[in-house]
Structure formats: structure tokens, C-alpha cells
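Listed in Swiss-Prot:
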type     : residues      : note
COMPBIAS : 321-333       : compositional bias 'Pro residues'
COMPBIAS : 345-366       : compositional bias 'Basic residues'
DISULFID : CYS369-CYS435 : disulfide bond
DISULFID : CYS398-CYS467 : disulfide bond
DISULFID : CYS402-CYS469 : disulfide bond
CARBOHYD : ASN120        : N-linked glycosylation site
REGION   : 28-98         : region 'Disordered'
REGION   : 247-272       : region 'Disordered'
REGION   : 308-366       : region 'Disordered'
SIGNAL   : 1-22          : signal peptide
Amino acid sequence: MDTSRVLLSAVFLISFLWDLPGFQQASISSSSSSAELGSAKGMRSRKEGRMPRAPRENATAREPLDRQEPPPRPQEEPQRRPPQQPEAREPPGRGPRVVPHEYMLSIYRTYSIAEKLGINASFFQSSKSANTITSFVDRGLDDLSHTPLRRQKYLFDVSTLSDKEELVGAELRLFRQAPAAPWGPPAGPLRLQLFACQSPLLLEARSLDPQGAPRPGWEVFDVWRGLRPQPWKQLCLELRAAWGGEPGAAEDEARAPGPQQPPPPDLRSLGFGRRVRTPQERALLVVFSRSQRKTLFAEMREQLGSATEVVGPGGGAEGSGPPPPPPPPPPSGTPDAGLWSPSPGRRRRRTAFASRHGKRHGKKSRLRCSKKPLHVNFKELGWDDWIIAPLEYEAYHCEGVCDFPLRSHLEPTNHAIIQTLMNSMDPGSTPPSCCVPTKLTPISILYIDAGNNVVYKQYEEMVVESCGCR
């Protein structure tokens, strides 16, 4: 009973004191002092260089962001240049793969068919009795400073021509496109004239009909006279057009046209501009030459030499690794036998080729001398990077024994008959005569030379037609 009264009295006393203003101010001042104490501690920590400790989860979340490096800028990506590597299937030391001109392909097809029919390609009038035809693609640009185009220059790098070759002809082939707009009223006869650059020498001139729109086609100019005096490094030819029938009408082009003299026609309107042209429509210089037999395979030596000089055994630049091992020595009595050896980078292919085609030579055949098959694949030899066509052909070879008596179809020489007779009497004293080719025929090869020019060449004595004892 006394306890309940004491508790009730305490409650009334507390409520009475809470209503007094002095007690409320004391409580407020105590709470504010605690707040000021907290703020003072915070300011003191800032002055001393210490930041208030944040919650742990915030620190751990922010710490990886502070340590993480900023990502690279997107615009910096294109500035990174990948290491330059030669493209696949490109011959060493060359530029991009050369696309043969359709004109050179047609020459190869025509002369190859003639050879199969037994006709020598050098007898064709178009070949000019040449066994080598080299094509050079125009490297010039349009002269944009002259509008309209009055003169068109054509530049050709002819440094790969050898002074050992006899030059028998040269022609410039220009593709004339159909004009985009019809011609205006004719001002007289229209003539095309071809000059050597920086020279008044007129190589050839021809007339065009100004009445009708010309059809697209090839204009062929004889430039043999312009190529002969050149030092065979670079040939520059210039095409002009003029109104008039005189051969030197184009020379009056530099004069200011009078009231009765129309300006020279625009070569672009005649279809001779370089813009919007396919590779097959570019100007082509075709040189006809006749090579001596001893220099027919000189380009093979150049091909193998340029490949070993430019690229090392590991595919890197020159000097990046140890030099390649020397090629095997040629067989005795065989001149330039190393020309038929594939490049160092093709040795695995050569080994496979030899193991596949050399099994029949393990045992000496006792058959009489006759012609046997021999299939040659230039791709297996490693020459497909510069030989365009053919990639393979049937060469044949001679195999067998020349025993006594010799057959008449073997066409033996008197010396072979005596040698065979001596061998039959005493095999230890005299070796038998040899089974060798007695008649060989040529083949046509289309290839890329060291200057990336497409060349047609007729190679003599490439196919065995008959065998005999010698």
C-alpha cells in the first residue's frame, strides 16, 4: 500500500517539474551541448587532417574504384598500328598479286593452241617473229591542271627489259570509252596524234570520224621508234587531239585560238580519260623481243635470287636469322642445274614431290629406250607464285637401254652404233650408249617477272617428242 503511494507521488512530481520552464531550458541546453561537442570533434579532426571515419561498407565499395585505372579512350584505338606482315600467298619481295591483262591471256591461249597443232608461235604475224612478249601497265595520272584535257601522258617503267634481247616491235594499246555526252558540231577532220614526251617526234597519227559517236574499243599505236632510242628505264608517251587534216596540226595547240580557229577537243570527251576505268581498261604497252637460247631461263635465276635476298628462311627481313643453307650442287655436266631447284622455303614440298615421283627410278628398267611419262607440276616445285600458266604440263622423259643391235627408229648416230658394238663385245671396257631425247618441242609460259610485269615467253626444248641412242 505504501509502495503504490510512493510511486504515484513520484509520477505527479515529475509531471509537475516538466511543466516548469527552467527544467525545459536545462534539458535543451544539455542536448545542444552534446551536439556542439560532436561538431567540435568533427572540426578538430578536419583541422588535424583526419577525415571522419565512414561506414565500412562505403569504404570497401569506393576503394576498388579508386585503385582501378581509367579505361582507354575510344579515339585512341585507331592510332594503334598492327605489325606489318606480308599477305598470304604473295611472292617474297613483291607487291600485291598481279592480275594478268586479258590481252596477255588471249596471246597465251592462241599460241598454246598453235603449239599443240605443231605451229611455231613466232610465225604469227602478230608476234612479229618474237619469242618474248612483255606487257607494261600505265603508271601516269590525269593532268588536272588543264581543263579540258588537251594532252594525256602515259608513263611506263621498262627497266626490266634486257639489252641482251633484240627488240622487234612495240605498241601502245589505249581503250577508248564511249563518250558520256554527244559530240558538238564538228569543226573539221579530227586527228589523234601520239608523240614522245619532250620531243617533237610524231610516232603515229590517225583520223576519227567526228560525225558519228565512236564505239568503245582499243586504239593501237606503233611506238617502236619511240622505244628504240630510250635508255630502257622509263618511257613517256603523249596523246593529243586536234581539228584538221595536217600531220602537225596538234603542234598548233599552244597558240591561242583565233575567231576562226576552234580550241582542240577534250580528250575526256573522246573517251580517253583515266577516271572510272577497270584494270582491264588501263593503257598497256606491249613490247615484242627475241631472246637468245642461252638467256631463256635467266629470269628463273632472278626470281630465286630476289626471293633469297628479300626474305630470310623464317619469313622475316634480311638479316633477321641465319642464312639459308646453300643449294645442292648441280649434277655433273648439267649447266645451270640450280635453276630447276625450288626456293629454300619449298623444300618440304620438293621432298614430297621427289618421294612421289622418284620411286620408279629405284630399279633400272631393262626395257629398250623409249619415251616415258613425266608430269611436271609447277605448284609442287614452288613456282606457282610467279608462273601464271600453265601450272602443269607433260614433259616426258627418255628411259631404257641401248643394247645391240640398235633399232632404226632410235635414230642412232655412227658413234652410238660403234659404242654399242664395243659394249656388247666387252661390257667392262666401254659403257653402253645413252637413251636421250632426239626431238624436243617448245611450250608457252605466262609468268610475272621481277618488275611485276606479265610476260609471255616461248621456251624451246621443253617437251620430249622422241627418244634415241647417243
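Here the Cβ of each residue, glycine as well, is placed from N, Cα and C on the backbone.
Remember, predicted model here, so these are calculated numbers, not experimental data.
Fewest Cβ neighbours within 10 Å among the disulfide-bonded residues CYS369, CYS398, CYS467: this applies to CYS398. CYS435 (disulfide bond) and CYS469 (disulfide bond) have their C-alpha atoms 5 Å apart, to the nearest angstrom. Rounded to a whole number, the C-alpha distance linking CYS369 (disulfide bond) with CYS469 (disulfide bond) is 7 angstrom.
For CYS435 (disulfide bond), the Cβ neighbour count at a 10 Å cut-off comes to 23, with all displayed protein chains included. In this structure, CYS469 (disulfide bond) is part of a beta strand by DSSP. Looking at CYS469 (disulfide bond) and CYS398 (disulfide bond), their Cα atoms lie 10 Å from each other. In the shown protein chains, 24 other C-beta atoms lie within 10 A of the C-beta of CYS402 (disulfide bond).
A Cα-Cα distance of 11 Å separates CYS467 (disulfide bond) from CYS402 (disulfide bond).
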